[in-house]
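Here is the structure we will look at, set down as structure tokens.
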């Protein structure tokens with residue numbers, strides 16, 4: 001989950017789209033139900049007093065600073081991150097099973113909220129920079145940060161569910177895009193490709209690897225498959241903080257820095273069947289494609305080890 005746009009993303013994306021928008025917007029993107037407005041959002045759900053809460057629960061705070069030197073975690077921190085990451089992944093899997101025709105995203109949010117607090121954990125999105133719900137649900141042409149509401153899921157939808165939990169002082173962050181009912185061929189291609197792209201990005205990680213290898217790979221992957229990366233949103237460091245350094249760009253870049261053992265961060269590409277340009281709905285959160293194309297996203301929190309990489313958000 002990533003709320004703050006990268007500093008370079010709008011400039012880079014804008015330059016590219018000025019040259020390529022017409023070509024991108026003419027791609028065949030299949031058929032689905034367009035999301036053009038937010039639905040009714042229910043009241044904030046209660047968090048019991050005994051649940052450990054992050055600082056932003058108690059006061060308005062800006063998004064975390066993702067610039068600077070990435071933290072090297074010690075073994076105690078890593079054990080807490082393994083625990084929170086596993087819990088996030090388990091709840092994400094359970095939420096995915098709820099993604100059926102007729103179920104509302106508010107019902108999924110309610111389920112996730114109750115499951116998280118039942119584990120003495122906190123739903124990290126709630127109150128982060130003012131976000132009103134406990135997870136993000138992004139459907140069809142919503143790229144990310146969709147707010148759960150009263151819209152029932154429809155046959156042919158694709159829905160990204162983004163779950164982050166805060167437990168024992170550490171966050172675990174992951175997301176997956178699920179198919180609802182009978183999804184058309186282009187939609188299935190998009191979801192399968194985005195999952196495959198994330199898996200391959202994780203596989204190339206390890207000590208000494210430049211961070212920018214991730215973005216370079218994603219751009220090559222998209223060019224080979226006639227897809228577009230939504231460049232405005234990036235991966236990020238994570239730990240006791242929701243968002244911190246390093247910044248992980250999902251497009252070709254020359255950003256400095258190399259992975260070191262003990263670093264933890266997310267990789268979370270959003271791939272689109274059309275243009276990668278986005279705008280916000282009136283709620284100030286829901287990011288939609290400007291050419292009405294669908295996108296999919298997958299995300300894991302990973303740890304760089306002495307010999308390679310460990311995925312912290314596995315359900316088993």
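Backbone N, Cα and C define each Cβ position, glycine as well.
Here the structure is a predicted model, which means the values were calculated and not measured.
For reference, TrEMBL has these:
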| type | residues | note |
| --- | --- | --- |
| DOMAIN | 80-306 | domain 'Peptidase M24' |
| BINDING | 145, 243 | substrate binding site |
| BINDING | 162, 173, 299 | divalent metal cation 1 binding site |
| BINDING | 173, 236, 268, 299 | divalent metal cation 2 binding site |
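Residue 268 (divalent metal cation 2 binding site) has 299 nearby among the binding-site residues 145, 243, 299, counting only those with a Cα within 10 angstroms of its own Cα. Closest to residue 299 (divalent metal cation 1 binding site) in space, going by CA atoms and restricting to the binding-site residues 145, 236, 243, is 236. Put plainly, the binding-site residues 162, 173 were compared by Cβ crowding within 10 Å, and the winner is 173.
In this structure the C-alpha atoms belonging to residue 243 (substrate binding site) and residue 173 (divalent metal cation 1 binding site) are separated by 10 Å. For residue 236 (divalent metal cation 2 binding site), the count of additional Cβ atoms within 10 Å of its Cβ stands at 28 [all protein chains shown]. Nearest in space to residue 236 (divalent metal cation 2 binding site), taking C-alpha to C-alpha distance over the binding-site residues 145, 162, 173, is 173. Looking at the domain 'Peptidase M24' (80-306) alone, the prediction's average pLDDT is 97.
Distance noted between the C-alpha atoms of residue 162 (divalent metal cation 1 binding site) and residue 145 (substrate binding site) is 8 Å.
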